[in-house]
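Engineer: Can you read through this structure? Questions will come right after.
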């Protein structure tokens with residue numbers, strides 16, 4: 001065995017022969033799992049049909065299995081093979097309805113991501129595949145397909161003076177979107193594939209008008225019903241069966257208890273001019289999308305405190321008791337001693353975190369499903385990613401605490417500092433009632449940035465939602481968050497090594 | 001490679017306090033060398049410098065001709081007892097020796113051998129934090145013997161030992177020296193050293209006052225203690241009024 | 001008692017680590033509040049911000065720095081064996097613990113007053129610029145929130161001292177106290193059973209104690225301001241009682 005291998009083995013023997021440290025590590029995993037299950041079993045989903053409690057309806061799922069919102073007004077014909085639809089959009093307007101009782105008023109206005117355009121969709125069921133080309137209120141022409149894909153076209157809003165021509169053409173499986181300002185010069189926006197018979201037609205929809213208050217309480221999100229209305233003319237469809245009528249569907253509309261449609265859209269036709277209005281969205285579900293990984297991993301916070309205590313005391317105890325003298329007699333090269341300690345503690349913490357996450361996420365999710373939640377479980381690759389990420393988060397935290405313990409030589413100071421920089425920022429950002437802007441800065445600058453591994457649903461630029469830490473959205477991507485934590489841990493271990501090298505023991 | 005400890009011109013100061021002031025001496029194999037001097041004379045500092053735990057401001061310290069920090073499996077070259085209290089209290093004695101053995105690539109069997117050798121065979125599974133000072137000394141000796149080293153450095157090995165333990169230690173040191181090892185023993189117990197040491201290094205204020213055989217000292221003074229007081233008269237920092 | 005108190009004070013003021021934590025605590029608390037109020041903003045029509053809670057947000061972080069010196073007064077003496085010397089000088093152990101409690105509480109009172117007043121000043125200076133009206137100390141509810149926050153910090157210090165007397169190891173005690181303080185509100189925040197949520201918030205030391213900071217929407221708080229502080233006081237008293245028993249009965 002190599003010198004370093006022997007050293008790692010010695011440090012592992014040291015770790016496993018102190019009962020408190022082994023029990024602490026097991027306790028950290030156990031508390032993470034048990035708190036997750038406790039929280040899951042006390043989270044109940046209830047839905048009501050006006051006055052009567054009913055089982056919550058299943059969420060519509062997109063082609064990749066993620067929950068989606070798929071509600072719009074649809075004027076369509078069936079297209080079996082090749083074909084195209086061309087329209088001209090000449091106006092787009094909207095109204096925003098403030099809910100009773102405080103702001104019961106209706107004001108004109110368009111939400112920035114309200115959409116009007118042409119769409120080819122596999123049937124009218126929510127969550128089915130589609131390709132759409134649209135104008136938006138503030139983001140110009142966009143081509144979107146299958147909920148998560150978004151390509152930008154010509155910017156600018158639509159009006160009678162600046163109309164937009166939109167054309168979707170299918171040849172084989174290939175759907176091409178083109179736009180034009182005058183109906184003569186066309187520009188390609190993008191392409192996508194869509195096979196089989198599709199419904200081809202016009203659509204209008206508008207997401208709710210959101211206000212994210214940057215206030216205490218983690219910020220609050222207010223949503224108001226918004227309806228968009230667009231005017232289409234020069235509508236031509238090719239490839240559809242001759243004599244096929246334009247059919248109308250309020251895709252995804254909910255029913256009121258009396259059987260009427262809740263917030264219906266509509267269409268009016270005058271000659272060749274169609275005025276279509278709708279509300280909803282065609283987008284992945286984001287923001288307040290129900291309990292997620294953050295909920296079932298909540299016990300990790302307590303588990304991390306336990307791991308911090310074990311790791312910090314592991315580092316400081318060696319120096320406080322003069323045990324480091326014995327260690328350095330056995331292996332005089334000091335940098336290697338720190339490295340061997342880091343390898344052992346990091347590995348133990350990584351296994352602990354990974355195992356705890358891999359156990360609690362599926363278990364707690366099963367409990368949540370029993371309690372009426374309709375979120376689909378994490379796909380295996382995502383579960384593996386989150387479990388490994390959790391392991392890295394726990395390992396990075398342990399290394400930071402070890403480094404602080406070796407550097408400060410006082411277990412208490414190291415525990416206090418590690419908890420203050422890893423756990424507290426997360427708590428304050430997620431539940432501490434900090435304004436979202438402050439919370440995001442905490443999750444960028446402190447080691448708590450690594451909690452970003454808990455975010456499994458990405459933030460979509462083309463979907464309006466309250467993307468706040470309190471609802472599970474982190475300002476940094478997972479790898480960057482882990483890198484921030486790793487940087488702090490490396491700094492602490494580096495300073496500890498430098499101090500150990502320079503000092504007499 | 002001859003098992004020796006060679007210290008040449010060691011200087012070290014802690015702030016304004018001079019700990020070592022040109023310390024030079026050589027410890028040879030085959031006998032016990034006593035290392036004596038008043039409190040604060042620099043005995044422990046010298047040992048720590050030799051073992052690479054403290055860095056000297058000047059001078060060199062070699063074990064078997066090389067600096068300690070360059071040894072690949074140091075416990076097979078040097079065994080040392082410095083601070084018997086340097087333990088994780090909740091770890092058992094056997095496990096304390098086990099991790100040391102792992103760091104050198106020794107089998108666990110070696111741990112049981114040294115536990116038996118130091119009379120801790122029955123106490124190996126107990127937590128070291130509950131040990132008396134005498135038992136901790138035995139555990140420290142066990143750690144020093146783990147690698148069967150040709151050089152031994154023991155700081156105050158008689159501390160806290162019961163009468164039986166003192167007799168055992170006396171015998172052990174004699175045996176180790178007779179096996180051809182270099183054995184350096186620091187102690188304040190002159191009468192004890194007079195019996196077991198053949199050579200003695202007396203230091204004061206960080207430098208060597210005498211580096212000679214015990215028989216030579218006894219030729220000039222009635223006892224080792226008398227010789228010590230005569231040599232260290234001017235080199236003592238702390239002395240109560242009643243003492244001499 | 002006064003001699004013991006004087007001895008404890010001498011120990012404390014000659015221990016630089018504990019004293020360093022006091023200015024650290026004040027600075028961290030005020031900075032955290034500054035961070036919170038500076039980043040708050042409100043859309044038109046108000047957003048239900050409680051200016052007192054926002055201004056005093058630093059207490060949530062700063063309390064950790066009250067916990068540390070509190071557990072150190074006992075844990076530190078245990079790890080070095082100094083406690084044996086202390087108890088040789090003062091064999092009446094309850095008197096020793098009482099002196100430590102008086103000292104911890106007194107220190108938290110002084111440092112807490114400085115920190116909380118700093119938070120209030122920061123709130124008054126910054127909040128109006130963000131379109132949120134700050135309250136003055138002459139308003140009854142704001143005075144209650146301010147004085148209550150200081151008392152909150154004192155009670156947290158005593159709670160930590162009691163826990164440390166039971167667990168003895170400083171680092172483990174700090175971990176236990178911090179987990180107790182922060183874990184319950186975290187769990188309460190994520191479960192959606194409103195009944196259990198309210199119960200947890202009503203009986204957890206941090207959420208109950210911090211209810212004293214509320215100045216608006218009092219009926220929406222899980223517990224009344226003073227009642228919440230009383231819940232925390234009960235926690236602290238129970239911890240000190242257990243700590244006192246453990247301190248008396250066990251060998252140092």
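Here the Cβ of each residue, glycine as well, is placed from N, Cα and C on the backbone.
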Engineer: From the ranges A:342-366, A:442-466, grab the one TrEMBL calls transmembrane segment.
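Structural biologist: Based on what TrEMBL states, transmembrane segment spans A:342-366.
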Engineer: When you get a sec, could you say which of A:270-291, A:292-313 is annotated transmembrane segment by TrEMBL?
Structural biologist: A:292-313
Engineer: Counting a contact as 3 or more Cβ pairs under 8 Å, with residues at least 6 apart in sequence, do the transmembrane segment (A:415-434) and the transmembrane segment (A:292-313) touch?
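Structural biologist: Judged by the Cβ rule, the two regions touch, with the required three close pairs present.
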Engineer: Which residues of the chain, 6 or more past the ends of the transmembrane segment (A:292-313), have a CB below 8 A from one of its CBs?
Structural biologist: 20-21, 24-25, 27-29, 31-36, 38-40, 43, 345, 349, 352-353, 356-357, 360-361, 364-365, 368, 375, 378, 386, 390, 393-394, 397-399, 401-402, 404-405, 411, 414-415, 418-419, 422-423, 426-427, 430, 454-457, 472
Engineer: Residues sitting near the transmembrane segment (A:21-40): Cβ under 8 Å, six or more positions beyond its termini, same chain?
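Structural biologist: Same-chain contacts beyond the flanks: 15, 291, 295-300, 302-304, 306-307, 309-310, 313-314, 348-349, 352-353, 355-357, 359-361, 363-365, 367-368, 371, 394.
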